[in-house]
Ligand code: ADP
Ligand code: MN
């Protein structure tokens, strides 16, 4: 999104949190309810092969952040041109320009809930315990608070379907206010 671009008509929302907290499910529900375009950043990375090599120790591809940001900027510009906003979901939140997002939701899950979700996902013990530790240590929450204005960062529970429903409703309400205030 270019800095001198037209004023946005609809907000951009970032849904972040530890893997397994429910980002993709929640973002998808918000997209349905609020009509923002769902951008699953993890999928974008795979689609556009935003990698700059491979970390053999971690057995993962190394993210090419610049390439990802270029790909996302096109999507953000297009959404703004079309008069809509996006709801992005990703476990990293500190790599994006601060100005991209108007609301950052940090989803939180309790340890037992996350344990079950990561087990179901087939994560091995090492990967599962790393992610559970990150959740307990509030790593993503702290990164969000360091990267964005505190008043736009909201920590919300994501343990039950009721939580998801509540979170989608809250975002819908919040979007209405944003649009009124930014009209
Ligand atoms: P993430 O994108 O953060 O890794 P997902 O949205 O893929 O998480 O959710 C992981 C799993 O947990 C999925 O099986 C999903 O159905 C389930 N799940 C996510 N959020 C909730 C919730 N609030 N209540 C119950 N189950 C949930
Ligand atoms: Mn996901």
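Cβ from N, Cα, C; glycine included.
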One of 121, 145, 170 listed by TrEMBL as binding ATP at the site of 20, 22, 23, 24, 25:
121
When you get a sec, could you say which of 40-63, 64-87 is annotated region 'NMPbind' by TrEMBL?
40-63
Stated TrEMBL location of region 'LID', expressed as one of 98-108, 109-119, 120-130:
120-130
Just going by other Cβ atoms within 10 Å, which of the binding-site residues 23, 121 has the emptiest spot?
121
According to DSSP, does residue 22 (ATP binding site) fall in a helix, a strand, or coil?
coil
